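J.: Quick paste of what TrEMBL says about this protein:
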- A:18-400: domain 'Ammonium transporter AmtB-like' (DOMAIN)
- A:16-36: transmembrane segment (TRANSMEM)
- A:57-76: transmembrane segment (TRANSMEM)
- A:96-115: transmembrane segment (TRANSMEM)
- A:124-145: transmembrane segment (TRANSMEM)
- A:165-187: transmembrane segment (TRANSMEM)
- A:208-228: transmembrane segment (TRANSMEM)
- A:234-256: transmembrane segment (TRANSMEM)
- A:263-279: transmembrane segment (TRANSMEM)
- A:285-302: transmembrane segment (TRANSMEM)
- A:314-336: transmembrane segment (TRANSMEM)
- A:348-373: transmembrane segment (TRANSMEM)
Amino acid sequence: METMSTVTGLKSSGDVLFLMLGAVMVFAMHAGFAFLEVGSVRKKNQVNAFVKILTDWSVSTIVYFVIGFPIAYGISFLKPAEELLGKTQGYDLVHYFFLLCFAACIPAIISGGIAERAKFWPQVFAGAVFAGLSYPLFESLIWGKNSSLLQGIFKGIGGAEFHDYAGSVVVHSIGGWIALPAVLVLGPRMGRYIQGKSHPLPISNIPFLALGSWILAVGWFGFNVMSAGNLEKISGLVAVNSLMAMVGGVLAALVAGKNDPGFVHNGALAGLIAVCAGSDIMHPLAAFVVGCVASVIFVYGFHYEQEVLKIDDVLGVWPLHGVIGSWGGIAAGIFGQKALGGMGGVTFVSQLAGSLSAIVFALVSGFVVYGILGKTVGIRLSQEQEYAGADLSIHSIGAYPEDHVR
Amino acid sequence: METMSTVTGLKSSGDVLFLMLGAVMVFAMHAGFAFLEVGSVRKKNQVNAFVKILTDWSVSTIVYFVIGFPIAYGISFLKPAEELLGKTQGYDLVHYFFLLCFAACIPAIISGGIAERAKFWPQVFAGAVFAGLSYPLFESLIWGKNSSLLQGIFKGIGGAEFHDYAGSVVVHSIGGWIALPAVLVLGPRMGRYIQGKSHPLPISNIPFLALGSWILAVGWFGFNVMSAGNLEKISGLVAVNSLMAMVGGVLAALVAGKNDPGFVHNGALAGLIAVCAGSDIMHPLAAFVVGCVASVIFVYGFHYEQEVLKIDDVLGVWPLHGVIGSWGGIAAGIFGQKALGGMGGVTFVSQLAGSLSAIVFALVSGFVVYGILGKTVGIRLSQEQEYAGADLSIHSIGAYPEDHVR
Amino acid sequence: METMSTVTGLKSSGDVLFLMLGAVMVFAMHAGFAFLEVGSVRKKNQVNAFVKILTDWSVSTIVYFVIGFPIAYGISFLKPAEELLGKTQGYDLVHYFFLLCFAACIPAIISGGIAERAKFWPQVFAGAVFAGLSYPLFESLIWGKNSSLLQGIFKGIGGAEFHDYAGSVVVHSIGGWIALPAVLVLGPRMGRYIQGKSHPLPISNIPFLALGSWILAVGWFGFNVMSAGNLEKISGLVAVNSLMAMVGGVLAALVAGKNDPGFVHNGALAGLIAVCAGSDIMHPLAAFVVGCVASVIFVYGFHYEQEVLKIDDVLGVWPLHGVIGSWGGIAAGIFGQKALGGMGGVTFVSQLAGSLSAIVFALVSGFVVYGILGKTVGIRLSQEQEYAGADLSIHSIGAYPEDHVR
């Protein structure tokens, strides 16, 4: 009797610890987003990158608490603390915390695309709409309380539900495909393309870029492994598949990107983005291949975007999170098959359909929100502000104040 | 039978893992203290900041092991390893490790106030006294083996014991209010105030400041959540309240501090400091408010301290940890009430009394220790040493040696 | 009945979580290796340090998955995902992940010794051989499937098996003693010794060095504590002994190294390297002493290596990981004794024998692999490449691109 209640207690506290650790790991990833952007922009926009990411995180926390999580899962937190704690030691609260970390990725992803020329508050507002409304709406359709509808359609078309274990599509592709219209509406930075010719602007700091990539890669194991939701559902396969896709991404980027440190460190992320969807159903060697392909997509996609299409997406978040996120969704439909050593239960058609639906949803969301903001309050710094840099223009201080004394 | 022994084993190893993870997370926060200080001082004092924090940590480890923990909890470790391990897999040891991380915050907090002009060894010695004697003494009165006395008084005055779940008062306010006399005895840095006029000295590196803030914020979830002490007592409410107070701190600092990155990144910490005491009994929205108020206190308190009172507290640790720590203690008495959605069991008067007792204790400790050191061995670098910087004066090397070659 | 299956499930998922957390913590240490090297080399070789560490990690992941882990433990992963998951939720997979993190330390350790003048791909190839073949072979003899042979010999000689709880010898001494021949074959950097006179080359960035040391120290608690392998075997003693050795290392380095920040931050690592072997059987105060001795070895050993023997081992990895790793193996045979407060079960002679066997194994491995590479493809950059720096020569970009525009 006593044993049983101890076991129930252990299970319940184990679940809270499990999700809390996952939440903290993914929360830490936001420091990674910040450093990745800080290293990839010019020095005059570093402070802005930090403040943007932290502000977006904070605003997302509130809107997802009050609006987003209730939309996606039908659970409201507007009741006394004692009821929030309930008999599960506050499991719903840590579940919210964990999933908030996903929702807050949307503005963090976009931030890297629109860097160095966006106005501060319109950007924060857009992030709030995405994290509090658009993302939770799509989330509810795939993972949440309204999933029967859309999943029913996918099942009808492809013979299986759309499978996205940890968000290649729901999180990364949504973020990356929203960023594309944002970047298009905003237009390129001053001096990026002159008379149709490309003039890449130098990045400032590879150690910070590398730090960002490392923080993201480490936290990603929380992103993927804790997507189990409960401790009892933890899977060592998810951990090792994440690892394998990451190293596939690193090695393919090293070769395709000719030893370039930016490609190598973003390559790790490319692999991790691609593996989220099928990390629970692929064989580790398949995950390695998925990661390799992801990095090849990134290296060539980045070049195509920036040099051929002439889209000034500073951190390349559309190819990185958008296109590779879609690739991850589709890849789960290929390498999740039993014939390729996977666990089965997925189909190529359903995965393709789910991935395409996210692209449509994101493009519409992005064009509507950024379109309206662009035509009303305006989303771009003035030429003088952009020239001076977002740090001095918005924050009245540079990243290295001592260096500018005397 | 076998099931029961497995359950007992799981419970016991779960507790050790729980506290070990908490300890490691709070240990990591000390890297955060280091980078926050490194970013906030001038380049000529960065090396010193790193070595100070690591040395204080190391000395605290020893004195708290041999003296402090036994004072606070009556448990001695001077017995064979086998007995230390006992039947609990060394629970007392990880409990010591976790609480050491709190004790070691005292010198780490002070370090930020006295930066850029303190002598090395007297400062280390003072830290040893605080972590090994003063702090454990107060700890024993609130949380430890002597808590019946003082808690009895609080109960008599206010109708409830003084509640400080994770140390807004016991840790942060003690640290911050000890730092005030330390800074006063030490006096301002050369050139900080000239003929009564304030000349703010430039900080060196906002990316390092931001890194420090991020490390602290991430580790803080160990600080608060693992204050449960046992896995079975974990509470998702504590995690989400910490989050809410942090984002409240960020957003209020953003507005009150006019987008200043220093205020924004310290604002996250302000919220987290304030929420420690009542994180287990408040509603998340109340925690948000507590965090907002904390940041307003910091932004205006910092200005008042530095510009009106003309106290050269480099990182503003007195308003940040001291005043906001006290605010956290008091806030638990307000927002912990059932009428405001809280869990109840606290009173405003007891919380006020407990918070005030810490202020008195800390001020006395600080003036005595720094007063004696100041009058005997001296605590301040010579003018030449301060001008050259603590790095060259104490450590014979600057933070960027290659830059000074040729 | 239901309780029993819940308990079995908890135990199994607890084990997977335990090792996964350990693996992630040790994976993060590789960012520490990177920053430690980045801070310790000149700016023109920082990018290369990052890419080397990440590439070595990635290659190690593959070779240890396909070759190394099967060699050491006889478990192959070349079967369908479903079988990999099995009834243990993929325990073998996370076990592989955790132990990979150890194997990948070998190239990471060597990397610091041969920095600033090694060719890229031969170095990657050598790392693959060590992580995929040499290390797993030795691992199998001490911890793995072939341990009966060598351990039988040690038992015959010394009366007990060779005890290396977390790899002072198996990991660190192997890495450090392989690095010695690598450094000798490679020869010193241009300008390091001119006409037999030592000209220390300036390090670039102490904040990055400190960051690396902090990341390593934090992750080390995963390295040592999760070496238990199963949650039920967790030991609080291991955690606190690691802590004690680390602070012993810091304090002894502070004194012996005359406040030098490089020695202080490497001193933490010295203590941690030394304590791995006996962290489960020593008393905390003994661990402190072991850490102090380790740092004294490092401070004087580094000087002796670089100034007397004139070996250009950039980060001092031979004294740090090699010699101190061996000291850790031997120290377990001294301070693990019951007479010194330890848990017993070890003998000085067996520990000495085991430690010496690793030295022989590592020296042979290192001379063979680097000797062959040196005589065939060559392992050293051309003079022009070394002068220009590995960053521009190999990666076509410097660490701070913006600073070199205009």
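Each Cβ is built from the backbone N, Cα and C atoms, and glycine gets one as well.
Whatever TrEMBL says is automated annotation, not expert-curated.
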J.: Under 8 Å, at least three CB pairs between the transmembrane segment (A:96-115) and the transmembrane segment (A:165-187) (pairs 6 or more apart)?
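T.: The transmembrane segment (A:165-187) and the transmembrane segment (A:96-115): touching, yes.
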J.: Mind checking which residues reach the transmembrane segment (A:263-279)? Cβ under 8 Å, same chain, six or more beyond either end.
T.: 163-169, 171-172, 209-210, 212-214, 216-217, 220, 223-224, 227, 237-238, 241-242, 244-254, 256-257, 287, 290-295, 297-299, 302, 315-316, 320-321, 324-325, 327-329, 331-333, 335-336, 342, 346, 351
J.: Relative to the transmembrane segment (A:208-228), which of A:16-36, A:124-145, A:165-187, A:314-336, A:348-373 accounts for the most Cβ pairs at distances under 8 Å?
T.: A:16-36
J.: Compare A:57-76, A:234-256, A:285-302, A:314-336, A:348-373 by their Cβ pairs under 8 Å to the transmembrane segment (A:165-187) and return the stretch that comes out on top.
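T.: Most contacts with the transmembrane segment (A:165-187): A:314-336.
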J.: Give residue numbers and ranges for long-range contacts of the transmembrane segment (A:285-302): same chain, 6 or more residues beyond its ends, CB-CB under 8 A.
T.: 240-242, 244-253, 256-257, 263, 266-267, 270-275, 278-279, 316, 319-320, 323-324, 327-328, 331, 335, 340-342
J.: Restricting to the same chain and to residues at least six past its boundaries, which positions have a Cβ under 8 Å from a Cβ of the transmembrane segment (A:314-336)?
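T.: Residues 36-37, 40-41, 109-110, 112-116, 162-165, 168-169, 171-177, 179-180, 183, 189, 266, 269-270, 273-278, 281-283, 286-287, 289-290, 293-294, 297-298, 301-302, 304-306, 342-352, 354-356, 358-359, 362 contact the transmembrane segment (A:314-336) from elsewhere in the chain.
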